[in-house]
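Quick look at what TrEMBL annotates:
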COMPBIAS  286-299  compositional bias 'Basic residues'
COMPBIAS  304-315  compositional bias 'Polar residues'
DOMAIN    117-326  domain 'TLC'
REGION    283-326  region 'Disordered'
TRANSMEM  26-51  transmembrane segment
TRANSMEM  83-102  transmembrane segment
TRANSMEM  123-147  transmembrane segment
TRANSMEM  167-185  transmembrane segment
TRANSMEM  197-229  transmembrane segment
TRANSMEM  249-268  transmembrane segment
Amino acid sequence: MAIRKKSTKSPPVLSHEFVLQNHADIVSCVAMVFLLGLMFEITAKASIIFVTLQYNVTLPATEEQATESAFLYYYGIKDLATVFFYMLVAIIIHAIIQEYVLDKINRRMHFSKTKHSKFNESGQLSAFYLFSCVWGTFILISENYISDPTILWRAYPHNLMTFQMKFFYISQLAYWFHAFPELYFQKTKKEDIPRQLVYIGLYLFHIAGAYLLNLNHLGLVLLVLHYFVEFLFHISRLFYFSDEKYQKGIAVLASICITQAFMMWKFINFQLRRWREHSTFQAPTVKKKPTVTKGRSSRKGTENGVNGTVTSNGADSPRNRKEKSS
């Protein structure tokens, strides 16, 4: 009687692309539920909390400031629902970039597992940093923060925000919250998870702190500057992985050094100009001595008096003393 051997085949392993496509489809269905809820009157009130920004205030128009009413926003507990919805949107966008851009490049370059994960990380973050940096710069220009930097600290606390300012912070919080489930979807190594958790947690701590403490103006400036530096770093790392001879990486490194030198030069000139203006303002003014005109009129004035008036010395002349004695 023949004995059947047990099958030693391992269970099928799901590919990385299948996992990404599967979770993207599930998240897309959940997001569509909220969007479809806006079409029905019964569920519209609940869905609108997730899709649109909450806590809006209408300021009436004034003759001095504007000709139209201003719509401003403040924060509240309902913002968590809005952050959750746009976290789902961030997961979908993450999957689209991964499938249609990064995975195609990975197939051409034939990276190792280590380079594959780092390339995907830098590719996702460079796209996010570039988008956020351009968006934040547009807000700074449109709200006159660059032309008038005193707006950053004037009239603090800044309890009210414009639509684009609040939507920027909601999007930032949604993106960094979406990074937690992405650790599972991307099959991050166990030894890399603590580093990623600290990295994500620091961003959430500072962004949420600026949002809740009404430091949204200052936080926006710092985020734009920080995102610009991070974008240069991840772009240089992408060039490092894609170029074996490291020619592009050396070029990116040189551009970073030139940018840093230019910023330092501008900073030094700005400080020197402030120092000169400060020293000129505090310098004591030298008083000019009154000029004495020489001539017969001035001499006569000194003898008989000042400006034609008779002084006491002129009244006690020898002739007057002789008249008094007689």
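Each Cβ is built from the backbone N, Cα and C atoms, and glycine gets one as well.
TrEMBL entries are annotated by machine, without manual review.
Same-chain residues lying 6 or more positions outside the transmembrane segment (249-268) and placing a CB less than 8 Å from one of its CB atoms are 232, 235-236, 239-240, 243. Away from its own ends, the transmembrane segment (167-185) comes close to residues 19-20, 23, 53, 79, 82-91, 94, 128, 132, 135-136, 139, 161, 193, 196-197, 200, 203-204, 207-208, 210-211, 216, 219-220, 223 of its chain (Cβ-Cβ under 8 Å, at least six residues beyond either end). For the transmembrane segment (197-229), the list of distant contacts is 75, 129, 132-133, 136-137, 139-140, 145, 151-153, 156-159, 161, 165, 168-169, 172-173, 176-177, 179-180, 183: same-chain residues at least six beyond its ends, Cβ to Cβ under 8 Å. A mean pLDDT of 79 is what the model gives for the domain 'TLC' (117-326).
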